[in-house]
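Feature annotations, courtesy of TrEMBL:
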{"type": "DOMAIN", "residues": "31-116", "note": "domain 'Pyrroline-5-carboxylate reductase catalytic N-terminal'"}
{"type": "TRANSMEM", "residues": "216-238", "note": "transmembrane segment"}
{"type": "TRANSMEM", "residues": "258-281", "note": "transmembrane segment"}
{"type": "DOMAIN", "residues": "259-403", "note": "domain 'Ferric oxidoreductase'"}
{"type": "TRANSMEM", "residues": "302-327", "note": "transmembrane segment"}
{"type": "TRANSMEM", "residues": "358-384", "note": "transmembrane segment"}
{"type": "TRANSMEM", "residues": "429-452", "note": "transmembrane segment"}
Amino acid sequence: MTGQERSEEKSECVSLSPMMEADPALPESERVCVFGTGDLGHSLGLRLLQAGYGVVFGSRRPHSSSRLPHGAQVLGHAAAAQSAHLIFIAVQREHYDFLVPLANQLKGKVLVDLSNNLRKNQYPEANAEYLQSLVPGAEVVKGFNTLSAWSLQNGPSDANRQVYICGESAEAKEAVIAVATKLGLSALDRGSISVARELEDFPLQLFPQWRLPLRIAIGLSAAFFFYLLIRYVIYAYVTQGKDISFRIMVSLANQVCPIVSLIMLSLCYLPGVLASFLQLYRGTKYRRFPNWLDRWMLCRKQLGLLSLGFAFLHVLYTLIIPIRYFVRFKATERTVSVIRENRTTEFDTTTAWRSDSYLSLGILGFGLYVLLGITSLPSVSNALSWREFSFVQSKLGHLTLLLCTAHTYLYGWNRFLSSSTYKWYTPPGYMLCLVLPSVVLLLKLLLITPCVDRTITRIRQGWERGADQRNPKDSQPLIP
């Protein structure tokens, strides 16, 4: 071992000594204590050090705590508790017993409970409430439990920056909020300690905002898959005796994906249209929307991202069409047949226009689709003003819906006039998927007419229909 290594080892042993006192150069307000030297405690301590705080770790075995960030001090629990006013409890509930003998040292301190449970209702009371009962003289605040060790190490650039806190003492919560703000986090006060159970359930939820959109996507996919399976595969087998079941893997999937994508894109913009008509009917913006409409509007982002995912699948399936065995076989067979029969086919300008327009609208629609998806990312949307974000998500969003709907109309062209299109008297899938986007676009067209748009603008600026009757001087004609 070199002299430099021995010197570093000696200095490390000194810094980890349980008898060492906290650095008196820092005021108590700039010094925090962390009970727990696991991954979460390590990451939290590192983040606090980077923010300029003096960090003192409390550990059962200070001598063996060698994995802690450079610059932190390690003391026994009793000495560490006396070194700071704000203490983070980064240990599981099963190990809270060591705090009971420290009741005198923790009196008047602010204890931040970071613990979570393995399942809901695991204990009769919330962990924070249990901690408060063990140390009644301390001020317990529940917080930081929605952050993982990885997100703490990732720094303020991470999109997951919101933390929730609750507690009985307003001063204690203000102290915790001040630390969170200095760490680059956004703290939201949820109220008293009775809300702690709700906060502890947050990390146990699996994609809570995605459940309804995923159910809709799965339901639509299954419904249209079986519908198209009956119309194409089963119909061909029953009426013609042909086995075309191989089309399930690509052809059928390439019909289901664009159908579901267009319907879900329509579902993104339908609640906004319904909300506008509801405000027109009520003549005010100060009445709450129905709960089902509120819930629908809150999951529009997830509906849009799932819609974009189905659009991506449609593009990928379309790109592999030329390399499919079935397509290459049919093309070769058609070419050989034309040569044998010495036939020629005239160029159809109408078909060429329709084909190029169909492809062009699809490309433009998909390009705007991707733009909508990119601007929904927190890192991008945070860099946009509200007007810019609204322009992209609303104006360009409706333009995307218009282009994709026109793309589908050109795909169908005049097939609706042919009786062979309606197998077993059922309409093709693309006809069914055009109903909802067409309705949304027609309703939106009504809303942007000058007289209706002016009324909606006044309502959203605070005008109420009943207010004009109470104060005629303030009323203005809707149509000049």
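Using the three backbone atoms N, Cα and C, a Cβ is placed for every residue, glycine included.
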Model confidence over the domain 'Ferric oxidoreductase' (259-403) (mean pLDDT, whole number):
93
Distant-in-sequence neighbours of the transmembrane segment (258-281), which means Cβ under 8 A and at least six residues beyond its ends:
213, 216-217, 220-221, 224, 289, 293, 296-297, 300, 303-304, 306-308, 310-311, 314, 369, 394, 397-398, 400-401, 404-405, 408, 429-430, 432-434, 436-437, 439-440, 443-444, 447, 452, 455-456, 459-460
Who are the long-range neighbours of the transmembrane segment (216-238) in its own chain, taking Cβ under 8 Å and residues 6 or more past its ends?
244-245, 247-248, 251-252, 255-256, 259-260, 263-264, 267, 303, 306, 310, 423-424, 426, 428-429, 432-433
Under the DSSP assignment, what numbers of helix, strand and coil residues are found in the domain 'Pyrroline-5-carboxylate reductase catalytic N-terminal' (31-116)?
34 helix, 21 strand, 31 coil
Kindly report the helix/strand/coil residue split of the domain 'Ferric oxidoreductase' (259-403) according to DSSP, in that order.
121 helix, 0 strand, 24 coil
